[in-house]
Amino acid sequence: MFDLTGKHVCYVADCGGIALETSKVLMTKNIAKLAILQSTENPQAIAQLQSIKPSTQIFFWTYDVTMAREEMKKYFDEVMVQMDYIDVLINGATLCDENNIDATINTNLTGMMNTVATVLPYMDRKMGGSGGLIVNVTSVIGLDPSPVFCAYSASKFGVIGFTRSLADPLYYSQNGVAVMAVCCGPTRVFVDRELKAFLEYGQSFADRLRRAPCQSTSVCGQNIVNAIERSENGQIWIADKGGLELVKLHWYWHMADQFVHYMQSNDEEDQD
């Protein structure tokens, strides 16, 4: 179990929908500090969160997840002045725009990776940090393909690949930072939007999706926090239909373990 009591949490996402509902649940867990980094101001949401737990300090910064890493460093230098340290980093920024592949990939994958690369040194035990947990909020179509939202699905597959790679013991044994992902199923805030398919052949399906049964943002947010509390390094969870399910990970390339062992053995030989 991962105890959130007293933790300093940094949430990178728009403070609405799933992110807002997740933050509401976090505020009931006696966290000490919550930093929210999002693209637009939402003072009503911040006030709503603060009313749940007045003793928890909430900080807000406008943040563009697609900015260059050099700019991110400036932001997080400022964030650390207020936060002192980060125990939990949650990446929740998302975009589904099949007409704008670059923006979709930059928001969902590249921006998330740059954010993680920027924050990791602050959390790394060998660099003066205390370790902690990185949570990548992603989608079930990062596990199974979507013939309708091809660009979105590709970006979410990338999130899963990045999560599993960064969670490898090669890193975790040294930096003490666990990495996990939560894959959300169809959720009301997503399907309420006007959705465009990657190719016109899939548009009728995209239109019908808006009428499909979906989980609420509040239930999804609750299960994201449940997954965090139950998390172990490298785990992938599915939050869908009001439930929470642990993904059984599978290795398709059977030489993967041997290859990593070979690289580690060569490193040890070089040190000798």
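Placed from the backbone N, Cα and C atoms, the Cβ positions cover glycine too.
Annotated in Swiss-Prot:
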- 11-34: NAD(+) binding site (BINDING)
- Ser139: substrate binding site (BINDING)
- Tyr152: active site, proton acceptor (ACT_SITE)
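Looking at Gly17 (NAD(+) binding site) and Ser139 (substrate binding site), their Cα atoms lie 15 Å from each other. Here Ser139 (substrate binding site) is positioned 18 angstrom away from Ser23 (NAD(+) binding site), judged by their C-alpha atoms.
In the structure shown, across all protein chains, Ser139 is the one of the binding-site residues Ser23, Ser139 with the greatest number of other Cβ atoms within 10 Å. Secondary structure at Leu26 (NAD(+) binding site), as computed by DSSP, is helix. Between the binding-site residues Tyr11, Lys29, Tyr11 has the most other Cβ atoms inside 10 Å of its own Cβ, all protein chains included.
Cα-Cα distance from Ala32 (NAD(+) binding site) to the residue listed as 'active site, proton acceptor': 34 Å (rounded to the nearest whole number). Less than 8 angstroms from the CB of Leu20 (NAD(+) binding site) sit Ala45, Gln48, Leu49, Thr217, Gly221, each of them six or more residues away in the same chain. In the three-state DSSP assignment, the secondary structure recorded for Leu20 (NAD(+) binding site) is helix. Sequence-distant neighbours of Leu26 (NAD(+) binding site) (same chain, six or more apart, CB under 8 Å from its CB) are Leu4, Val9, Tyr11, Leu34, Val225, listed in sequence order. Neighbour counts of Cβ atoms within 10 Å were compared for the recorded positions Gly17, Ala32, Tyr152, and the top value is held by Tyr152. In the three-state DSSP classification, Ala32 (NAD(+) binding site) falls within coil.
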